[in-house]
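As structure tokens, the structure follows; a few thoughts come after it.
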Amino acid sequence: MPTAARAIRRSLDAVYDGAGALAALCLLAILIVISAQVVARWTGVPFPGSSQYAGYLMAAASFLAFAHTLNRGAHIRVNLFLTALGQRRFWGELWCLVIASAASTYLAWFAVRAVYWSWRLGDVSQGQDATPLWIAQTPMAVGAVILAVCFIDNLVTLLLAGRDNIRPDLSQQSRAE
Amino acid sequence: ETWDMPLAYPATNFHSENAEQFAECVREGTDGEIDIVTHPNGSLFSGDDIKRAVQTGQAPIGERLISAHANENPLFGVDSIPFLATSYEESDKLWEAARDKLEAVLEDQNLVYVYAVPWPPQGFYFKKEVNSVDDMQGIKFRAYNAATARIAELAGMAPVQIEAAELSQALATGVVESFISSGSTGVDSKVWESLTHFYDVQAWLPRNVVFVNKDAWDGLDEAAQQAITECGDQIAAEGTSKSEELSGGYLETLAENGMTVSPPSDQLREELAAFGKTMTDEWLESAGEDGKAIIDAYRAQ
Amino acid sequence: MDQIYAIGLFLFVLFLLLGSGVWIGLALLGVAYVGMDIFTTRPIGDAMMTVMWRSASSWSLTALPMFIWMGEILYRTRLSEDMFRGLSPWMARLPGGLMHTNIAGCTVFAAVSGSSAATLTTVGKMTIPELRKRNYPERMVIGTLAGSATLGLMIPPSLTLIVYGVSINESITKLFIAGILPGLILAAMFMVYVVGASQLSKSYQPIAEPAMTFAEKVRQSRFLIPVFILILLVIGSMYMGVATATEAAAIGVIGSLLLAAWQGSLSASTFFETLMGAARTSAMIALILSGAAFLSLAMGFTGLPRGLAEVIAAMELSRFELLMALMVFYVVLGCFLDGISIVVLTIAIVEPMIRQTGIDIIWFGIFVVLVVEMAQITPPIGFNLFVLQGMTGHEMNFIARAALPMFIIMVLMVFLLIAFPELATWLPANMRPAAGG
Ligand code: NA
Ligand code: NA
């Protein structure tokens, strides 16, 4: 592989895994927010908007982890047909990646548009947090764009190298020994 | 043309029934040109999303508890200033004073106001007898927005944030000991299983507003617009009297199930009115000139 | 006619996309897009984002990653191993022997974890090697494990019940309470099956356990203490008014982190692994839920659910006929979809029918969980089958056949539930959490 291609490969993987790590941090933040909400109730100190913040973090955690989850083979699919294809599996994978690239690009486009419209309309949360929604929704749009990039990346890799980047997580396999 | 109409509340709620009658009226009034199909219970869009959905044309018409959008514009919260307009009569006056300004705000958001119907008035649910603000000290009170949090603060109660879906459980387990809502909420959630007293303080009468997407509206001929407006006026009047009638029934049901249902003591009423004054002043600070004009017009009546 | 065309089109696109191996969430998105495109002039993409954002940022759903995370922590630390050591002395003398640890372990762990897969991996990893060592029949080891792990969904806390409760806007607490008794009865039925099979089957020749005095058994039981503390913490916080159902999941995470740290089995890298594992699993579910949210919006615009409900209503099925029809419907669906997708996909269609027939909506939640449990172990798509395939290396059809008796027991349980609805309705009606103060 030429150096430039390797550099692109490395930086794309870094983006997917970096977003995945961010998603993990969001989960940790959900834990902290919910715990703080419980403690706030015990102590009588108000924590306005806590459940909204937990919700935003939930959305961020999901979308930011999409691409990383894909390349670890953790997004589920029906494998029967692909397995049945045997030698011709390439064409099945190609079909799936074309559909998925189109669908995820569509999702990414409208996720970005939703953020734009939240900003244009000045839409704010109806909860006590009163957060401008474009701020809360930005991680969702970022995650959706990364997912689309990841699918297209897989499609291109499949076409160039005959095999996509999706590898089931080794640690998941070893646990199943 | 079919108009899908998202509604937030179950099909059996009287607001949803009103909307269904409105749909029927419009169908007749436009000779079937506009066929409004209601989607109750948040089955199309959830309550939180209905206004934005209609604004952006995702649905041509919808209904929303308008005060939920007070974060966006304080004018949306005019019907929910606590202890300002504390009866159907006063609430109607306040709404009349505010209506032009609200219609203008909605129009700026690409929405055309059609009609509004008030919920039964909000009262306090407690676990003990409460005759004054002193009796409220330290009670765990459900605060679900800025105004209810402020009430807790003024009354010295401990605000507790609980989502509507978790309210019943929170009451049963003592996470929450008090909240403010209409009689219908109490009946729906069988509140007598956990709480004992209802004080009919009529703190405010929030309204559900029905609006149409402006582009969809502009696409109608004048006769159709006329028909929709007339149906709206008719349903608003009928809905308001139905709300008042139901309100009495809910309080009876609460009493039948062993709750003590009563108006506030004179002392409590006075103390709450003082909160009303404070919170109206605070609202006026945020609502600017338009807010001042509304409150002045209301008080002049 | 329009309706039949619509159903045909939906099914065609659904099977085309799902069947050809498109990732499930995106396949649902594709189906929804086609439906919206044909049936409404509304802006499709904007409406899609409205409902996806609502579904993805839902407060009640935050319990989902928390329970998943808790399962990851338990699995990757010593907590789960200890449970086998504590349970086995008590099971050894029962007819059927240590095979019961599969069922008892799953039942106990089900009370902590909200998911079937977490229950299966955690319990299976400790019981399979031990039972193999003792010469228990492989097929029954796999079968009972596949079946009883589904109790993770029935015995509270339960992800499926959370999703169901959120979809129909009913009390999750009531649903949780309703699941307790049917869950225990189902566990008992599995145990009766093990007792029967152990007496009848010639291949059931396990190596006998060394006799243990009562004092020794009690001493071994200390290994159960950490897990019991955790169970008390999660369930207690929920029913004592310290936390709501959603918050209890977070308390479970903190509890298991503390226990793991106290046992010395929590390193920084384990912690990071549990967190990344939880992030992936919940992202996987979130993508499906997002697609399903869009699909149900599209269904709303097409008017299909309403039409279908009207058709079935017009058939004037009796309560029993309707439930039988729905059981078949769900079992067929369960061959292709996982539990949570089944619930979110169908509930909008089914809920009005149920309410109209006068069926208790809480009871129906337990019915749905039961059929969803069956879906976990039916091929070609059954989560528990997948997990077991990875764990044991057996072929899918071996595992599915091994699990078949469990499937039949669950069908029996459905009839039991229909004959005695009180199994699910009595507790929620009579067991109210003590009002605090
Ligand atoms: Na469980
Ligand atoms: Na299945």
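Glycine too: its Cβ is placed from the backbone N, Cα and C atoms.
Marked as domain 'TRAP C4-dicarboxylate transport system permease DctM subunit' by TrEMBL: C:12-423.
TrEMBL lists C:7-36 (among others) with the feature transmembrane segment.
Residues annotated as transmembrane segment in TrEMBL: C:56-75 (among others).
Look at TrEMBL and you will find C:141-164 (among others) tagged as transmembrane segment. Long-range contacts of the transmembrane segment (C:141-164) within the same chain, counting only residues at least 6 positions beyond its ends with a Cβ under 8 Å from a Cβ of the stretch, are 60-61, 63-64, 67, 99, 102-103, 106-107, 109-120, 123-124, 127-128, 131-132, 172, 175-177, 179-180, 182-184, 186-187, 190, 193-194, 234-235, 238, 245, 248-249, 252, 339-340, 343-344, 347, 365-366, 368-370, 372-374, 376-377, 384-385, 388, 392, 394, 398-399, 402-407, 409-410.
Same-chain residues lying 6 or more positions outside the transmembrane segment (C:176-195) and placing a CB less than 8 Å from one of its CB atoms are 94-96, 99-100, 103-104, 106-107, 110, 140, 144, 147-148, 151, 154-158, 161, 238, 245, 362-363, 365-366, 369-370, 405-406, 409-410, 412-413, 416-417, 423-428, 431. The transmembrane segment feature in TrEMBL is assigned to C:176-195 (among others).
If you look up TrEMBL, you'll see C:223-242 (among others) marked as transmembrane segment.
Annotation comment: TrEMBL describes C:248-272 (among others) as transmembrane segment. Through the fold, the transmembrane segment (C:248-272) approaches residues 62-64, 66-67, 69-70, 73-74, 76-79, 112, 114, 157, 226, 229-230, 233-235, 237-238, 242 of its own chain, all at least 6 residues removed from its boundaries and within a Cβ separation under 8 Å.
The feature transmembrane segment is assigned by TrEMBL to C:284-304 (among others).
Annotation comment: TrEMBL describes C:324-349 (among others) as transmembrane segment.
The transmembrane segment annotation in TrEMBL covers C:361-378 (among others).
Here TrEMBL flags C:398-420 (among others) as transmembrane segment. Sequence-distant contacts of the transmembrane segment (C:398-420) (same chain, at least 6 residues past either end, Cβ-Cβ under 8 Å): 139-140, 142-144, 146-148, 150, 182, 185-186, 189-190, 193, 197, 320, 323, 327, 363, 366-367, 370-371, 373-374, 377-379, 382, 384-385, 388-389, 392.
Tertiary proximity for the transmembrane segment (C:56-75) is limited to same-chain residues at least six positions away from its ends with a CB under 8 Å from its CB atoms, namely 109, 112-115, 117-119, 121-122, 125, 157, 159, 162-163, 165-166, 172, 245-246, 248-250, 252-253, 256-257, 260, 266, 273-275, 277-279, 281-282, 285-286, 289-290.
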